[in-house]
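Novice: Per TrEMBL, the feature active site, proton donor maps to D84. Here TrEMBL flags H85, H177, H207 as Zn(2+) 1 binding site. According to TrEMBL, the feature Zn(2+) 2 binding site maps to D105, E135. As annotated by TrEMBL, dihydroxyacetone phosphate binding site applies to G178, G208, G209, T210, N229, V230, N231, T232.
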Amino acid sequence: MLVNAKDMLQKARDGKYAVGQFNINNLEWTKAILLTAQELNSPVILGVSEGAGKYMAGFKTVADMVNAMIEELKITVPVATHLDHGSYEGCYKCIEAGFSSIMFDGSHYPIEENVEKTKELVKVCAEKGLSLEAEVGSIGGEEDGVVGMGECADPDECKAIADLGVDMLAAGIGNIHGKYPANWPGLSFETLAAVKEKTGDMPLVLHGGTGIPEDMIKKAISLGVAKINVNTECQLAFAEATRKYIEAGKDLEGKGFDPRKLLAPGTEAIKETVKTKMELFGSVGKA
Ligand SMILES: [Zn+2]
């Protein structure tokens, strides 16, 4: 069932678990994530970056594919289609395309401009029934060519954005997109606690969920994180399983070259990854 992310995140915050956002890249990704959510009776957020939207022939293609899949696969758990790190223009495109949730990444604007644009989107999303995520303090690593250094957000700026009426807030707490370097100092729980203190009930979002140790994930959830983004981990799992299939020469046996066979091990690997994450985040059985 397509819904916005507001209710599912408020429930997660109150129940001290987190809903996973799993980014999609194609049909196999989408199907694997939806089927796993249904099997585990877990709410789920499908993340779509601007780059992935372009790759999949536009946001409308994505929204229509997800909606059709929810119907055809009889997915009854709550599902949100969510723009990940949206530009100002990208947000409007997704609202029009039928997404149920968007993230406006205004972290690269001066705080005044981030506030202005976020305020406007709060109004539009409320009118159209979408949920809105905002970001304060750029999140490290690389996402669609935008490189940040893993800063920690200013808790007062977080409060300023939270008070505008967004539904969820991503604050940089030393987290990084992609693989974490060996010398990564870990999440700043001090920053997280300070942000939580200033923003009160606001469900907080942790980006860059790949490679954060389990105990840190659990501690972050206990401190108010209600949504965790996972992207790279599914990509690595898909690539590894596909490589094994090819290296074993399976594509050369019989009809092993059929894409429905060739892409099957990778698809199964995504399912496994999503399952592991949902169990870790505590969202299993919470639909
Ligand atoms: Zn992110």
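Cβ coordinates come from backbone N, Cα and C, glycine included.
Since the structure is predicted, the reported quantities are computational estimates derived from the model, not experimental observations.
Describe the structural context of these features.
Specialist: A strand conformation is recorded for D84 (active site, proton donor) in the three-state DSSP classification.
Mapped onto three states, the DSSP output places H177 (Zn(2+) 1 binding site) in coil.
Within the same chain, the residues at least 6 positions away from D105 (Zn(2+) 2 binding site) whose Cβ sits under 8 Å from its Cβ are H85, G86, S87, E135, listed in sequence order. Reduced to three states, the DSSP call for D105 (Zn(2+) 2 binding site) is coil.
Sequence-distant neighbours of N231 (dihydroxyacetone phosphate binding site): residues of the same chain at least 6 apart with a C-beta under 8 Å from its C-beta are F22, N23, G47, S49, D84, H177, G209, T210.
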Novice: Out of E135, T210, V230, N231, T232, which binding-site residues lie by ligand 1, with a C-beta less than 6 Å from some atom of it?
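Specialist: From E135, T210, V230, N231, T232, counting a Cβ under 6 Å from ligand 1 as near, there are none.
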Novice: T210, N229, T232: which of these binding-site residues has the sparsest Cβ neighbourhood within 10 Å?
Specialist: T232
Novice: Given the recorded dihydroxyacetone phosphate site (G178, G208, G209, T210, N229, V230, N231, T232), which additional residues of the same chain have their Cβ within 8 Å of the Cβ centre, ordered by sequence?
Specialist: N23, H177, H207, G211, E233
